[in-house]
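Annotated features in TrEMBL:
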type     : residues : note
TRANSMEM : 12-30    : transmembrane segment
TRANSMEM : 42-67    : transmembrane segment
TRANSMEM : 87-105   : transmembrane segment
TRANSMEM : 117-139  : transmembrane segment
TRANSMEM : 278-300  : transmembrane segment
TRANSMEM : 340-359  : transmembrane segment
TRANSMEM : 379-396  : transmembrane segment
TRANSMEM : 429-446  : transmembrane segment
TRANSMEM : 466-482  : transmembrane segment
TRANSMEM : 494-515  : transmembrane segment
TRANSMEM : 521-541  : transmembrane segment
TRANSMEM : 553-573  : transmembrane segment
Amino acid sequence: MAGILTCLWKYRNYIVIVLTPLLLLPLPLVSPTSEAKCGYVIILMALYWCTECIPLAVTALLPVILFPMMGVMESNEVCIQYLKDSNMLFIGGLLVAIAVERWNLHRRIALQVLLIVGVKPSLLMIGFMGTTAFLSMWISNTASTAMMLPIANAVLQQLCDTEANAEEREFNMAAANNGLDNQAFEMGDAKMSKELQSKENTINLDADKDGIISSLEAQQRRLKTEQKYTKLTKGMSLSVCYAASIGGTATLTGTTPNVIMKGQIDELFPDNGGVINFASWFGFSFPNMVLMLALSWLWLQFMFLGFNLKSTFGCGTKKEGDREAFQVIKDEYKKLGRMNFAEGCVLTIFTLLVVLWFTREPGFIPGWATVLFNKDKTYVTDGTVAILMSALFFCIPSKLPRCCGRSEDGASSEAPGALLNWDIVHEKMPWNILLLLGGGFALAHGSEKSGLSLWLGESLLPLQSIPPFAISILLCLLVAMFTECSSNTATTTLFLPILASMATAIKIHPLYVMFPCTISASLAFMLPVATPPNAIAFSYGNLKVLDMAKAGFILNILGVITINIAINTWGVAMFNLNEFPSWANVTKTP
């Protein structure tokens, strides 16, 4: 029996691939409607995504096969969903991130911030969390975590070694002073009686015992110091991976679920007037990110450092260990050398891109795109700007051109390469995410086209009796729990069309539930497998699953509360969420 179970476990993926579509087949056979057929595809993809029996990107391609074969949509109509404006925005953002990583600009920024905040435990945690969150706003969460954790471990190891060595030196000096005192005592009492001198052997034995005890005490002190820094390393590793996930929520291109939401809003509500763009997303999410980051720091501070301000903030103390750990960061920064031409170009393009994103359609005044291009239609979008600026990486040389330059052998030197080339992009670009985005858009369009969205909306009408804030909190908790076991991309892809249908049916603003749930999909804090940053931290920080679960559970709750406070305060003011918008009133029939 055990052998059969072992065999079934080995071949579980193949069993799921074959059995799942067969077990679900009665749904379209019993009810051969477009809604049932589309529901069959969505349920099948959801199960494949949750079990990961085949790669997520391959599952995302199933609508290309199943929708035309089941008569839900024509093949041309399905395929066009896989490369929309949101995909272009995502590609542009990724190209910028690749260029930043290619020229180590992110490392320079990180080390410069750490040199400013110093190496006191609490300040160091603030520095690492703030830097990781800022980098995750622009580059992938995985890349920012992978870069910051080795730096954190090197600094903490240096602090631990220096403090242990300092304590050992102090202990040895104290022992040596005691030895000198004993020697002076013996010299001063040279005329002591023969009876006392006869006890010399006993005194020597006691001295040997004292030496053994002193050695044990020294070992215990070192062990205690190492245990303290082991706990601090756990907290620092968790702080970095959590900050990466939180920081990614602040910008539209920070993490994949954000782009998915923009794409779903534009797909399901085409007349929304560009309600979600880079500036509006940042305006809502950045304050929420800062609040979540502060609460996360307080919780991790409490768990791993306590609230002893004198020891964790320093409060005027300056140890040798601090200086040596600070020197580690300084040495790493010196290795980078001066900022070169390529780094300066990447920084300039990056800064210009962010400025253009913010000013394209700021909301309170007409943006440059409105004045120059979008007078009657939305011709220029955030995706247009992203592709324009990222294309410059392939046009600008990586070194300052020198017409008369010579190589070492005296021959005329070759022209320098561009800031980016396609080989690097091909290696670094996560093409699977683009297919996941497209699969989500295809599902949303299929739900709308088949009438499944309308059916779901009518089925969810009883929710009208529940207050909107309660619906939002419950859905956020559901999504936060679901994303611990499934990828955040798959979670948002599956949930957002259903949430849009529900919001339309019960006449609440779609953003009131879609925005909080999208951000909640990034609250994967409890399990190492929940997200790549967690897995990286788990491998670095000597963490146990229980450590991550205890810290992450509270952070999940704090995150859901924070998001719902945000959506019910400045979110209401920004997006007028108290009123059901006219662009959301899109009752369509199949």
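Using N, Cα and C of the backbone, Cβ positions are placed for all residues, glycine too.
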Please indicate, using numbers and ranges, the residues of the same chain that are 6 or more beyond the transmembrane segment (12-30) and have a C-beta under 8 Å from a C-beta there.
36-37, 39-40, 43-44, 47-48, 51, 53-54, 70
Under 8 Å, at least 3 Cβ pairs, sequence separation 6 or more: does that hold for the transmembrane segment (42-67) versus the transmembrane segment (429-446)?
yes
Range from 117-139, 379-396, 429-446, 466-482 with the greatest count of C-beta pairs under 8 A to the transmembrane segment (278-300):
117-139
Same chain only, please: residues at least 6 beyond the ends of the transmembrane segment (494-515) with a C-beta under 8 Å from a C-beta of the stretch. Say none if there are none.
42, 45-46, 49, 260-261, 264-265, 268-269, 275-276, 284, 440, 443-444, 447-448, 453-454, 456-458, 460-461, 463-464, 468, 471-472, 475, 479, 482, 521, 567, 571, 575-581, 584-587
Taking the transmembrane segment (466-482) as the reference, which of 87-105, 117-139, 429-446, 553-573 gives the largest number of Cβ pairs under 8 angstroms?
553-573
Where else in the chain does the transmembrane segment (340-359) make close Cβ contacts, counting only residues six or more beyond its ends and a cut-off under 8 Å?
96, 99-100, 102-105, 108, 138, 277-279, 282, 367-368, 382, 385-386, 389-390, 392-393, 396, 398-400, 419
CB contact flag for the transmembrane segment (87-105) and the transmembrane segment (553-573), at least three pairs under 8 A:
no
